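Participant: Take this structure, written in structure tokens, and hold onto it; I'll ask about it next.
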């Protein structure tokens, strides 16, 4: 009998190996038939093993990191229950008060830092442009270019060096990583103090250098960093151990604070409080509730008050060259918006063009980011050189292309107090540049200025003859190229402003074409073009609509803005995902979508755990040697805790195996560190546990098993795991579909999901397996069940 079973196992193993070899040969033949599969530009940025339980790696910023999930679920062990029962009413009120206090501090500090960034950018860029204009007025064009390119080179060099050498996670916008964090992915080093400082300085340098990027994305990251640091009491190495901060020493409260920080960042970028709240709700947050809505709105209100106070101070001339600039603000409240039924046609056309161009931009940027990844893999020097090459190309285009534009004579209607023509300062419409007196260069008005001022210029109303079509075409083509090659370099970058500039250019061009047939102003066409391209690329609707309404200060734009956004998003969705979803996929961040794939309903979680390694469980009172062995030889973060020989209440004579709960790796390490050992097998008393642990300490996830020193005598001792075990883990039957399990996992914010057998019997383990985030990702499942990919493609064809 034993020999026959061994032969059966060997034959099964042999057959499995032959099937694996045949599968590998088929894959090799497919790769030979498809030459594009061998192209490094078509491969994923992070190579994964073809197993369901692979080690999760991802690009966080510009650095490959090991990814873990967050513990958003409440760990209801004995210590937590005791702490919750013993919490007084004063402590509960203190917790509520501190949540609102931290929300106020997040908004206040975000507003101050956003103002300082705006002040620095406007003054640095302003003095740079004033010096360049002096050289141009003296017809020293080459000297002006060398000065212009040299200053931009130095500013970009400082930003790139800081990001490459000190905080790689500060590069890029940071929004995809924030979105992943709020989805339950622990993105390491993303919200540290070093990242915050480098993000601030790098944003000032990159934006002042005139690169085609904005400070909106970085401000979202900055607000999130401030929120995370306040919630945990400062940086990891210098954390404040105040007693009142213990309430926020958990992932759930930190998640809410970071959501407030993200909405504050958007508000600080656009002076859009309601838009900031809706951005967090629509784009970055995975879990939402009414209490969080109130706190985020309070946060953005504080930001607006701070910004308004600084604007009042700066309008009195106390902020250098800041003046009325520094913040995108396009006020058309005094413009009468008139449109008729026939005006819906150009509005629909703008929406369709925005959706097509937005999806095309996403596709091309996807290819560029893959190419940049190959360059960045060669080392830090190549990252810096790539950034410097981009800024030199940008500077040459911004300085040289205005010479191709024709000088336009100033109209007498421009000589009012608000629109001086020509202008020679750092900002304003109708820049003279190289033109004779009484003439202006429309392309220099858009290129030789800050990005914020370029937005105001191209959005300007009642100026139907300010820009020539050729200048707008040059501007549009240039910023399409710059928008593709700038995003992805090793500096803090934002996507909002480049997309606004591209969209406003073709919007104004369409307004020129439709001029005789519509009542809508060209500046409003530029606004609609910017909104359509943002919806076509980012696939946001409600938050974008409110942001543009708060920017334009005119509710009459609401109907046509809604139409443009809905059409652009619908058209874009027909071709590819949003730009942030593409970046999440490229970086390998295990983001869980809201809607599971339809083929997931054809697969059960029982079939999923069958292809995973066997679950590793621990006894309620476990030997120290067994715990150490499990921790050293596995990478699992959760282990079922069971008790054998338990007599159930219904009373079975032979006893049963009880599932007591789930214990985390971090809690096992703390038990070993605290020497919570017993010399005999027994249950500990409640007072013994409270002498060693507090529920606040169990929220910490620091420490590794290699840092714990255990003697030989201690290896033979025991640990009572019952007080540290989460006795209420979420469980599902093995017969449930993967689609349902994924919805439960995402909506509740789980880290582990226990799979229990459908039939209970003596000798059957109460746990079949454990599902984690990696197990429920579509691409991981399809590598193990390739036949599902065929059904997926068949459904698409149908």
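Please read every residue number as a count from 1 along the shown chain.
A Cβ is built for glycine as well, from the same backbone N, Cα and C atoms used for every other residue.
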Participant: Which one of 410-440, 441-471, 472-502 shows up in TrEMBL as transmembrane segment?
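Facilitator: Transmembrane segment, as annotated by TrEMBL, spans 472-502.
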Participant: In TrEMBL, which of the ranges 523-549, 577-603, 604-630, 631-657 has the transmembrane segment annotation?
Facilitator: 523-549
Participant: Limited to the domain 'CBS' (725-791), I'd like the whole-number average of pLDDT.
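Facilitator: Averaged over the domain 'CBS' (725-791), per-residue pLDDT gives 88.
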Participant: May I ask for the residues of the chain that lie six or more residues beyond the transmembrane segment (523-549) and have a Cβ under 8 Å from a Cβ within it?
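Facilitator: Distal contacts: 266, 270, 272, 274-275, 278-279, 281-283, 330, 332, 335, 337, 346-347, 350-351, 353-359, 361-362, 458-463, 495-496, 499-508, 510-511, 514, 555, 557-558, 560-562, 564-569, 571-573, 577-580.
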Participant: Excluding the flanking five residues on each side, which residues at least 6 beyond the ends of the transmembrane segment (472-502) place their CB within less than 8 Å of a CB in that stretch?
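Facilitator: Answer is 62, 156, 159-160, 163-164, 168, 170-174, 198-199, 202-203, 205-206, 211-219, 221, 269, 328, 357-358, 361, 364-365, 368-369, 372, 376, 383-384, 386-387, 390, 393-394, 397, 401, 404-405, 443, 446-447, 451-452, 454-455, 458, 508-509, 512, 530, 533-534, 537-538, 579.
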Participant: Look over the recorded stretches 344-364, 384-405, 555-572 and say which has the most C-beta pairs under 8 A to the transmembrane segment (141-167).
Facilitator: 384-405
